[in-house]
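Student: Below you'll find the structure I mean.
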Amino acid sequence: MSLAHVDPEIAELIKAEERRQADTVKLIPSENYVSKAVLEATGTVLTNKYSEGYAGKRYYEGQQVIDQIETLAIERAKALFGVRHANVQPYSGSPANLAIYMAFASPGDTVMGMGLPFGGHLTHGWSVSATGKWFNPVRYGVRRDTGRIDMDEVRDLAREHRPKLIFCGGTAIPRTIDFPAFAEIAREVGAVLAADIAHIAGLVAGGAHPSPVGHADVISTTTHKTLRGPRGAMLMADSDEHATALNKAVFPGLQGGPHNHTTAAIAVALKEAAAPEFSAYAHQVVANAKALADELLARGFDLVSGGTDNHLILIDLTSKGVAGKPAAQALDRAGLETNYNTVPFDPRKPFDPSGLRIGTPSVTSRGMGEAEMRQIAAWMDEVVTAVAKGDAEDVITRVHAEVSALTGKYPTPGLTA
Ligand SMILES: Cc1ncc(COP(=O)(O)O)c(C=O)c1O
């Protein structure tokens, strides 16, 4: 029986979310629209199967098909990123990162990562995360004058604290990550270097951001952001020793049975990402982010680091006289979906910060280009300026109508395309 028949309530809510996603200009940089093929693979009978272990060495029978699916996903990941080993089983980015800790550090060990308020992820040793509670985290940030990572600070901290593990990469970094510089520091202090490319994996795959391969010892990534796959994650490494440690940490260290429907969808996404169109997509994501950033700058917005090299823009709204949360809420009502975010050295609290984090992966998947980015910047300016004046209702209503006219022209991958 169909979903609509069995559970009309949930079926209708899913339809409502489909409409919301189609009608919105989705600017959240960690989100995307997966293809129909990826969606189709996730909704399959593969969800019925248990397969603890790895291909050829499972703890359940009946793996004739699952082994082939997982092996295909692994081979495609290896080919796409140019690595010798890949593990496609982590349930998501956070468990993937936990597996890195489990593989290369013990509770109480010193680890190093970018502080959350500067753009690092929770799992890079932030205090409320298990990684900050169970390890001894040392945190680096960005320079106050440039908004960019201070590699001298990273080197000094690493020399002083000699961490077992160093994380580079993050969740709100608008600039290119200097993998060779991190690798040199990690080598000097004898640390394992983990590159968390969750945000930029699609850009790396498409050749629009330098690759950490050949520099980082291990690489973690989610599969659902710029890579445009299902919610999931992968771990990659070149050395047999690192790969064995990661495999053991994922299973049996942290997880039980892999989510085989997700593995199949990851395989599909990796096939899509190997096509020439995907490289064009990745470069357009960056071109769109630059166009959006330039127009925001021209309209007096203050951008952390002064712009972007990738898919992501971090706006400090202080100069506009509005905090991030009311701005994000007003923009959402106007059909422009963003997320409020701390900015480096933010004097405000994390739940009511000064910034907005936006990005171009989703709008680029819909086929929008630089002209649409300039229009989006203009709408953002109108709404934020109106919120600052305390009289935004009419502007929100008008912009929402204009946004709907635009989204109506761009099909939503997976839904209307
Ligand atoms: C850099 C980075 N690493 C890890 C994660 C965690 O991924 P998940 O939300 O799938 O656990 C995120 C999620 O935003 C991220 O941005």
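Every residue gets a Cβ built from N, Cα and C, even glycine.
Features from TrEMBL:
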BINDING   LEU116, GLY120, HIS121, LEU122, GLU241  (6S)-5,6,7,8-tetrahydrofolate binding site
DOMAIN    4-380  domain 'Serine hydroxymethyltransferase-like'
MOD_RES   LYS225  N6-(pyridoxal phosphate)lysine
REGION    344-367  region 'Disordered'
SITE      HIS224  site 'Plays an important role in substrate specificity'
Student: Let me spell it out: take the region 'Disordered' (344-367), skip the flanking residues so only those 6+ beyond its ends count, and list any with a Cβ under 8 Å from a Cβ in it.
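Tutor: Apart from its flanks, the region 'Disordered' (344-367) reaches 25-33, 116-119, 141-142, 144, 147, 172, 202, 225-226, 228, 281, 284-286, 288-289, 292, 304, 311-318, 323-325, 327-328, 331, 338, 373, 376, 407, 410-413.
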Student: Average pLDDT across the domain 'Serine hydroxymethyltransferase-like' (4-380)?
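Tutor: PLDDT averaged over the stretch: 97.
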Student: Taking DSSP as the reference, which of helix, strand or coil describes GLU241 ((6S)-5,6,7,8-tetrahydrofolate binding site)?
Tutor: helix
Student: For the C-alpha pair, I'd like the distance in angstrom between LEU116 ((6S)-5,6,7,8-tetrahydrofolate binding site) and LYS225 (N6-(pyridoxal phosphate)lysine), rounded off.
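Tutor: Just about 19 Å between their Cα atoms.
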Student: Which chain-mates of LYS225 (N6-(pyridoxal phosphate)lysine) that are at least 6 residues away have a CB under 8 A from its CB, listed by sequence?
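Tutor: Those within reach of LYS225 (N6-(pyridoxal phosphate)lysine), by Cβ under 8 Å and sequence separation of 6 or more, are PRO29, SER30, GLU31, ASN32, ALA198, HIS199, ALA201, GLY202, PRO361.
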Student: Would you mind ranking the binding-site residues LEU116, LEU122 by how many other Cβ atoms sit within 10 Å of each Cβ and giving me the lowest?
Tutor: LEU122
Student: Note down the number of other Cβ atoms within 10 Å of the Cβ of HIS121 ((6S)-5,6,7,8-tetrahydrofolate binding site), including every protein chain shown.
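Tutor: By my count, 24.
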Student: Just to be sure I understand the contacts, which recorded positions have a Cβ under 6 angstroms from any atom of ligand 1? Candidates are LEU116, GLY120, HIS121, LEU122, LYS225.
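Tutor: Close enough to ligand 1 are HIS121.
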Student: By the DSSP assignment reduced to helix, strand and coil, which category contains HIS224 (site 'Plays an important role in substrate specificity')?
Tutor: coil
Student: Of the residues named as (6S)-5,6,7,8-tetrahydrofolate binders, LEU116, GLY120, HIS121, LEU122, GLU241, how far apart in Å are the Cα atoms of the most distant pair?
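Tutor: It comes out at 30 Å between the most distant Cα atoms.
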Student: What are the non-local neighbours of GLY120 ((6S)-5,6,7,8-tetrahydrofolate binding site), defined as same-chain residues 6+ apart in sequence with CB under 8 A from its CB?
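Tutor: Result: GLY113, MET114, TRP126, ARG139, PHE167, GLY170, THR171.
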Student: Measure from the CA atom of HIS224 (site 'Plays an important role in substrate specificity') to the CA atom of GLU241 ((6S)-5,6,7,8-tetrahydrofolate binding site) and give the result in Å, rounded to a whole number.
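Tutor: Given the Cα positions, GLU241 ((6S)-5,6,7,8-tetrahydrofolate binding site) is 28 Å from HIS224 (site 'Plays an important role in substrate specificity').
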Student: Same-chain residues six or more away whose CB lies under 8 A from the CB of HIS224 (site 'Plays an important role in substrate specificity')?
Tutor: GLU31, ASN32, VAL34, PRO230, ARG231, GLY232
Student: Taking the Cβ of GLU241 ((6S)-5,6,7,8-tetrahydrofolate binding site) as the centre, how many other Cβ atoms fall within a 10 Å radius?
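Tutor: A count of 10.
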